[in-house]
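Taking it in order: structure first as structure tokens, then the write-up.
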Amino acid sequence: MLDLKAVAADFESFERRLARRGEGAVQALAPVKPLAARRRELNVLLEKQKKEQADANANIRQLARTDKDAVEGARASLRALGDEVKKTEAALGEVEAELTRLLMLVPNPPSDSVPDGKDEHDNVVVRTWGEKKAYGFTPKPHWELGEALGVLEWQQAAKLSGSRFTILKGAAARLERAIVSFFIDVHTSRGYTEILPPYLVTGETMTGTGQLPKFEEDLFKTTNEPPMYLIPTAEVPVTNMHRDEIFEANAMPVSYCAFSPCFRAEAGSAGRDTRGIMRQHQFHKVELVKLSKAEESDAEHEKMLDDACEVLRRLGLHHRVSLLCTGDMGFSSAKTYDIEVWCPGQGAYREISSVSNCEDFQARRIRVRYRGENGKPRLAHTLNGSGVAVGRTIVAILEQCQEADGTVVIPEPLRPYMGGLERIAAETFPRGVER
């Protein structure tokens, strides 16, 4: 959330910065201006009324010594003035509540280093790791490989849960567990503390990281009141862990990695990635989260990006890093890198991680701070990134590591987690006859 005082003091500056995101961001900010002006008017009026109250109290004390007959009339005037103060305070409270509601709908202004653009086509590739493998055959997409190997099952999953769900069988299920353990081991060796968070959280927690109130249609929630929400990413509970806390400066940065299932309604995704496991209602991910000093968050952002890329480098998976343009950034982010893994069966790079610096946007909502050099509390900066998406790593392994005979070579770092298994070959599982 934006700082109301800063917005009110220089509305035009925020308007210019948000205009880089597009007209929608400017429109979200527009209603704030007249309300901020009304807030100033009410604050001036309240200050005036409280001064009049203080003067009236002083006058009553003086009258009590010099003109007792006039005291009762003065007290009646003071009571009337008190009623006016209460009315002004109530009006101010309503305005401030509405301002808070409106500011919850305004996205984070982009960092100056973010390129301008309308959509993903304007993102800037900043580096590439590895080379595209040359195949002596036409590589297959992961959904064909998974079906031929018998390890990815969609028909039975649809019977259980509908579309955008997958059952992993045999070696694919083992591969998923291996990937999770490998990712966690790599990240903890690089200074992250492992967290296993709750998967159901409150509305306040969802609001803290920016999913609410704007993106409720993308979430799954319970029907009880108040509802609980299934997390769309471990970023939500882990970032909120330190809500309303103050850190000493020497404790920063705070670094966490967390494995969790993620649940997303995928509203607005009809017709996109309907085959395979690229876009699911339920998937697994290892998330990286940092709380940083404001002056160190840019450097921590680059380190987090490298940490996310490290697991792909160790697996030997060809990928590239793109800096997202202003029109393709997430709501809470000031700057985001996407890591895109090469999928030869699809002939495309596909996002496998987003690594974002939210600066103080989330921290203002959850009130997480640290003591600066003068000892005064200052808002922390929050950072998050996938380290990385597990299902999409399976996609990349199936497609990049496929062989002409239809088998898939398991990257060496994962083999110890799979009992030494070196490749995935076709498996047969019991199956009844549909009646």
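Cβ from N, Cα, C; glycine included.
Copied over from Swiss-Prot, here are the features:
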BINDING   Thr233, Ala234, Glu235, Glu287, Ser386  L-serine binding site
BINDING   Arg264, Ala265, Glu266, Glu351, Ile352, Ser353, Ser354  ATP binding site
Cβ atoms near Glu235 (L-serine binding site) (within 10 Å, other residues, all chains): 30
Residues close to L-serine site centre defined by Thr233, Ala234, Glu235, Glu287, Ser386, Cβ within 8 Å: Val236, Val238, Ala258, Ser260, Cys262, Lys285, Val286, Leu288, Val289, Asn384, Gly385
Least buried by Cβ count (within 10 Å) of the binding-site residues Ala234, Ala265, Ile352: Ala265
Neighbour tally for Thr233 (L-serine binding site), based on other Cβ positions within 10 Å of its Cβ: 22
Which of Ser353, Ser354, Ser386, all binding-site residues, has a Cβ with the fewest other Cβ atoms inside 10 Å: Ser354
Nearest-integer angstrom distance between the alpha carbons (Cα) of Ser386 (L-serine binding site) and Ser354 (ATP binding site): 6
Among Glu266, Glu287, Glu351, which are binding-site residues, the residue with the most C-beta atoms within 10 angstroms of its C-beta: Glu287
